[in-house]
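Working notes, beginning with the structure itself.
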Amino acid sequence: MSEHLWRVLSLQDHNTRVVIFGTAILGFAAGLVGCLTLLRRRALVGDALAHAALPGIAGAFLIATAMGGEGKSLPILLAGATVSGLFGIVSILLIRKMTRIKEDAALGIILSVYFGLGVALLGIVTQMNRGNAAGLESFIYGKTATMTAGDARLIAVASAICVLICIALLKEFKLLCFDEAFAGARGYPVVLLDAVLMSVVVVVTIVGLQAVGLVLVIALLVIPAASARFWTDRLVVMMVIASVLGMTGSFVGAAVSAMLPRLPSGAMIVLAAGFGFLVSFLIGTRRGVLVRLWRRRKLNESIDHQHLLRELYEMFELDPSRVSVPYEELLERRSWSRKRLRRMLEQASREGWITENVSKMEFALTDRGETEAKRLTRRHRLWELYLIRYADIAPQRVDRDADAIEHVLEPEIVAELETLLDNELGKTRMPDDPHADGVAS
Amino acid sequence: MMGFDWNWQLDGWIVAAGILCAVASSLLGCFLLLRRMSLLGDAISHAVLPGLAGAFLISGSRSSIWMFVGAVIVGVLTALLSDFIHNRGQVDEGASMGVVFTTLFASGLLMIVVAADRVDLDPGCVLYGAIEQTPLDKWDFPWLGIAVPRVVVVLSIVTLVNALFVGLFFKELKISTFDAALATASGFSASLIHYALMTLVAVTAVACFESVGNILVVAMLIVPPATAYLLTNRLRTMVILSCLIAAVSAWGGHVMAIVIPSWFGFRSTTTAGMMSVAAGCAFMLAFLFAPNQGLLPRLVRQQWLRWSILADDVLTLLYRIEESARIGVSHSASADGSTFAVTAMPLTQTVPWVAETLLTNRFAVKWAIRYLSWRGRVEPAKANEPGSESAESSEAASVLPKLTAVGRREAETIVRSHRLWEQYLVTKVDVAEERLHAKADRFEHFTDREMQEQLDEQTDSPSIDPHGRPIPNPDQD
Amino acid sequence: MDPIALSVDDLTVAYHRKPVIWDVEFEIPQGKLVGVVGPNGAGKSTLLKAIMDLIPKASGRVEVFGKPYHQSLHRVGYVPQRESVDWDFPVDALDVVTMGLYRRVGWCLPIRKKHRDAAREALARVGIADLAHRQISQLSGGQQQRTFLARALVQDADLYLMDEPLAAVDAATEAAIVELLKQMQADGKTAVVIHHDLQSVPEYFDHVVLLNMRVVASGRTEDVFTNENLQKTYGGRLTLLDEATEAMRRRERGI
């Protein structure tokens, strides 16, 4: 077993080498192109296209065989697939333009009707008594294991052309996907650009058919691109990540399937890509769900922390003679639950902001804590002042609004406004609490 | 009667299964289409595969009920997962669907391979089914006296459930499809309806898959409703029509599957595939010929409109010639400077001149005159003058006809509209003088009686237009 | 007499054969700040799009600096409505501004340093130079609008067409944009700005086009921006005209 594993991973076997090389290149190209279709909000066009290719494959086989040729030659089949795929795209556009049927239904109509036609033609193909027709069904599920060196070369050339087109027209495609109207206003031939992009999708889809099959080729176009978006906010980086993810997924899937030949390679490739999506969805550094949850939690914690210090500062400010503040009194100041307050206090004392007298449940600010609390309170009151003066907000509401704003605003804006108010109040003076009505002064 | 091998015992049941599946799917499909969720049907029907395989692996039996439950659960899960990824991950709706259903489908394929040692679960069966084997697996119903295929029984139940759902909750479905917020505000949960619909789609997909394959489910979920959508504007009619279309295409599909290959010397082909092709044909027919939305009727209507505008134009031109002759005489008697409107008219008006004036060709003008005289609006001008009979035929044909009384009345109405519009555009809209005629020329053909009265009222019933010509009023003659 | 920057003659645009703007005609002299004002659905955006050949015209002629649009498009800068694009798109503010230079960079060629510098400069002019590398979804509404403005500025055009640049922006942004417009005018540029706030029209613009399906009035603000004209603009459409065009549409679609 381990010997077999080694043989696969070191690509000693010629056949394995061809298969892994072919699918990896395909994954790379599909990831790249998929980014553009995803951003153009056409993620599922590949789905319709792949299904629409089936009648072309079966038809090409029938015609080639009827004319006495070798029906199963890949170029002929792919040519047939391309023709009927393009027909499918044109039909979708016609339906969308000439009727009131929306894009999704148009995709569905083409997908199912063309596929039905393909299945019907396949039904005839299987009667042709040539014995070799069975291979056609591999286009539905994909059968990477039968890939020949010639097939892999075809994939490599087609993928390379697609990748080159995408790189050469990168900025034009970027503009097309982002702001079609602006592209038109600048005199770009929008329809032509769109046609080029769709042709690239057609080529990748058709070439991918035989690697992973027509139900799953859509996965190669959609999954890596959707996964990449979780990691970055930059288009070029997203395209690189998607390509790498697509390539890795294909590599892993094909390798697993080479090691355990019973497992279908198409399914394995998609599952590998799907796993990549799951990981990205959870821990993608930009938009991953867990990362976002964690960030929100951090924000909430820091807000709690600031509120706590401010409350303490204000309690000491009201009565400068007191030494410490009891837990129960603190609890009444805000709608904190006991558990939450407990956690906040523990953390603050661990970080050295407050000192805790455990037996009496009393708390006091450390020197460091007092400086920080003073800074926070000052900032909060500056904000309140700003809101009262410039935003016409009633003093009763100011506290809540200032709370909401000061935690979410950009630091540079806070700095700007603080300088603005500093100039009026002087650098160090602590503004009075606007709610206090002179009590604190 | 039928020129091919048709066996009611076999083909009858196949068609019955196909029709049931088609009707069950298209009932729900109408609402999917209107909610722009057609592709969710596609996703769900692909994704039931792992449910079937998983249920088999867990329960270890091929018992239908387990597989049914498993598949339905995964089907609903597809909808939920897509929603979840779309909302939580901020992923494009289509893409999140694509991610979910391809991954599920792939895992289903994998499970089938793993289970292959123990059971024969053909993935091909999922995609394009085995409707041809419908009659082989029958249940006996002694009290009915016949044996009904199991598939037909199951599909009948599903169709009944779907029909009941659509029938009982028609109003709720309608409101929640049209305006989900309104539905929620008026006291029932739109999302409840949404998930009920999704569940039924999953149930239908699963029930159909083993008999007809998911390709037919997808086709019948989308194509007949889309066809019906082109034919009618009313939801109730749309639902009924789509069921009819679905049933007809199921029947036609089976016939096609038997007949068409025989032309080329083959045996029959996959019925499920042909059924969706038949639905596609129905869609294409509607696309081309639907009375309101169809391509050809629209072309014909446009052509007819252009044609009737031309006829109107010829009629009014004849009226203007008459008018200028009338006014021209009276004017030349009094003052010769104020006849500017008439000076453009040449002394002998012929068909080529009319064609030139109306920017069209002689052929069209001749046809328009023929049409007008058929409708009794004009009559040949020289019929009662003996002198002209000797003239060459080509000359005679290019001489213009005269208006009949009916024709004059109609022409007066149109000219009245035209001049009222000119007056309105000058006084109320400040349209530039040089464009006045062109704008009014367009509107005059679309002005009905009511609009004419309003125009008259708003322009204070003028008797002459901005160019100084009288505004005729056929009612006061 | 100033030379004419933009002239529109007999322009009619129909969506699904229903006219959105009808028989629109006006001229704009060079070096003016022009406000296009009218109620919702008056066809203001449609007018701009039709000027730029983005939607088919049913009839009419548009001339920009005396030539058809496609011959002088390098002299026109466009600021679309902010809602018209997906702000989740994975680009940063600098990328968006650089898009204004794509035509100058040329097909298939990469963006070079001088283009990025020009884009930075434009961002500095609208006052958000420090946000160049921020992803556009993390910009505030006002900052997004400024980014769009910078993208038009970087083209160094002579005529700017702006679709509601002052809609839903904060007061600071509004002041900055107006300041920028005045500055552009001082440089001899012409700007046609769709505007929704009637209060500020006399303050911001020296030329006004009042639009409601057709041009109610156009000309210098002090001549044209009168109560009477506003009443005509906002006092509802000419019902008969609407009815006639509706009848036309119905007959042509055969419903």
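We number each residue from 1, going along the chain as drawn.
In case you wondered, yes, glycine gets a Cβ from its N, Cα and C as well.
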A:131-156, A:235-260 - the one TrEMBL records as transmembrane segment: A:235-260
A:20-39, A:380-399 - the one TrEMBL records as transmembrane segment: A:20-39
Range among A:74-95, A:404-425 that TrEMBL annotates as transmembrane segment: A:74-95
Segment-level pLDDT (mean, integer) for the domain 'Iron dependent repressor metal binding and dimerisation' (A:366-423): 71
Residues of the parent chain within Cβ reach of the transmembrane segment (A:196-223), under 8 Å, 6 or more residues beyond its termini: 22-23, 26-27, 29-31, 33-34, 36-38, 40, 42-47, 49-51, 53-54, 57, 74, 78, 81-82, 85-86, 89, 138-144, 147, 151, 154-155, 158-159, 161-162, 165-166, 169, 173, 176, 245-246, 249-250, 265-267, 269-270, 273-274, 276-277
